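These notes concern the structure reproduced below.
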2 protein chains.
Amino acid sequence: MYPNILRHPGPTPIPKKVELAMAQNMISHRSEEFVKLYRETTERVKPVFGTKQDILLLPSGGTAAMEAAVVNIASPGDEVVVVTVGAFGDYFVSICEKYGLKVHQLQKEWGEACTKEELGDFLKPLSNIKAVFATYNETSTGVLNPVGQLGEAVREHSDALYIVDGVSAIGGAPAEMDEWGIDILVTGSQKAMMLPPGLALLSVSDKAWKVIESNGSAAAYYLNLLSYREWAEKGMTPNTPAVSLIMGLSAVCDLIDEEGGFSKTVERHEVMKNMVRKSMNALSIDLLTTEENASPTITAIRTPEGLDLASYIGHLKKTYHLDFAGGLGPLQGKIFRFGHMGYCFPSDILEAVSLMEAGLQDFSYPFEPGAGVKAAQEVYLSSLRKS
Amino acid sequence: MYPNILRHPGPTPIPKKVELAMAQNMISHRSEEFVKLYRETTERVKPVFGTKQDILLLPSGGTAAMEAAVVNIASPGDEVVVVTVGAFGDYFVSICEKYGLKVHQLQKEWGEACTKEELGDFLKPLSNIKAVFATYNETSTGVLNPVGQLGEAVREHSDALYIVDGVSAIGGAPAEMDEWGIDILVTGSQKAMMLPPGLALLSVSDKAWKVIESNGSAAAYYLNLLSYREWAEKGMTPNTPAVSLIMGLSAVCDLIDEEGGFSKTVERHEVMKNMVRKSMNALSIDLLTTEENASPTITAIRTPEGLDLASYIGHLKKTYHLDFAGGLGPLQGKIFRFGHMGYCFPSDILEAVSLMEAGLQDFSYPFEPGAGVKAAQEVYLSSLRKS
């Protein structure tokens, strides 16, 4: 009866308009209707990536798109650099190692971002690096890496391809793939893109296409990007695509238009980020990341002092139907994660902070009830006055 | 305004109940709700595979599941046998070759099935065969291979794994994975399973798991089946699964129960197959396959004599909103394909045959109007009297 308030890092809530779009009558993936849908939708989604390149749609999760980015450009023995700042950076390491690449890992503490200088210093002594991999938004820590600046470091110190995992960022965070020199940018549907899981979006620079073309040994069949490119020219995909999710993606593009364009969507995420952060400050609850590295889509909140975290987030779920995610790996028990991406609005932040406060009262946590909500309101009101 | 009558080999129409199930509120893939959904649904779908083994759910198309079946069991240089009777058998060849396997191809004419004797004779002189691949229902020709009997040939002549592509069969054709000695059976969601594309279903025998365990060199990351098995024990998947499609799959299981169990679903497909075939006989329009090899989910119909096929099926689509698929490869222009799988009923067959007849009249094709429909009705009525 009570709705679950899903404030997870993904999957995230689906707009009614998207649900209904996905429930349209099924069409053949070899029909004119599909070609029209495919061409229009992949064109409309380009601003979300900040690219003039084509957007490819894979019927898979974001992880498969990350794997596609690896397997299409590299061969066993190739040397790559992976910047890791959390669990999802480690994914790239695992994928590269699975394919026999030699990985130079620039590993940062969980909760920190990587700076341009650090990446520059790391790249300086290395040569023959095929690609540099980085995570834009580290879902496990709520760190937004400065991928634009990291791209400068890549260009200054190497000829490597620059490959970015945009899962949990793209759709909520600003992205300028072309301007930032990103050669492959990938994301999944179920985070800030307001869709159910099952569709991966991916874009490839001209430079990366040249590498892919010459990389004859690419082992993958389903994830063969040349085959996706070949079929995309006809407005289709090599195998049966996730038709209903593409119908949903078209509705997502409508919603972004309704909001006033993607820059407005980015502004909303920025407001929500600030609402969450200011409210936690007001409650004297610590955040994992600094202001500078803070993600606009997810905030990692440290366990309020003296509280048993599992009991607290279990209580929020059970009593208030407020669904947060815990910490991963070394941060388990130390943080919880508040997702504020995709189909999420300032009103949702006020709701969640209010319920968090109610839960804190249940645990007799010492704080001034209303203080968190008040701080969040102030951010919201101030953003409305500006716009 | 006019609804498109999708009589394609897939994607196929989605039941309203499934559409609505997929529009339920999104849930976390790490929640108790998901674990319950996953465990119950994978258990309920077992009769559709005819297995006691676990069913694994991959967020991908059926092609990815075929690739998973290859990459998890074999290493470059391994020898395999692929039985090909059409375009989708050729997929297996391409995938195996992509991974550097040595392929012995038992190639049949498009439109024919492979017999137990043929496979036995083919296997006799070979040794060290790692796996034998076969297509259950060849979507390009509407041939149903006798995969139960082919399994006997595999066991009699080798220790090879027996791997079957069940896409476009599973959910409509009888399947006895365990009894037929199938070691890996894969299918996709968008054919007879009544779901949109984007979910692959796969089951693995104990014998195949042993091979997968010892096949340390498996290159794939996203398609690593050991990782799926490990997470399945916890009622989850290694990466974000296609949550909404799994909600839809649960509704599909409800529909199968409502029909009276999967054997009733199989009977309905048999009736539809016979309705289509008898009606074409009555119209003196030839079929590609013999009665013995005929698929219960799709029928390949030869171009009616003297008709230009592209004009005819274009006219059916444009005027009557009846959407058939043409032929592939060598059969282009020579056949069209009438899909009758999944959410398709005898009433749909009567509708489609009636519209086909209307179209034939528009082309002044010499036939007795009503003869095809009458023959289809007879099959339908006779099936009702029997049940």
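Quick reminder: no glycine exception, Cβ is built from N, Cα and C everywhere.
According to TrEMBL:
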DOMAIN    B:21-302  domain 'Aminotransferase class V'
MOD_RES   B:K191  N6-(pyridoxal phosphate)lysine
BINDING   B:R337  substrate binding site
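Fewest Cβ neighbours within 10 Å among the recorded positions B:K191, B:R337: that distinction goes to B:R337.
The residue listed as 'N6-(pyridoxal phosphate)lysine' sits 14 Å from B:R337 (substrate binding site), counting Cα to Cα. For the domain 'Aminotransferase class V' (B:21-302), the predicted model reports an average pLDDT of 97.
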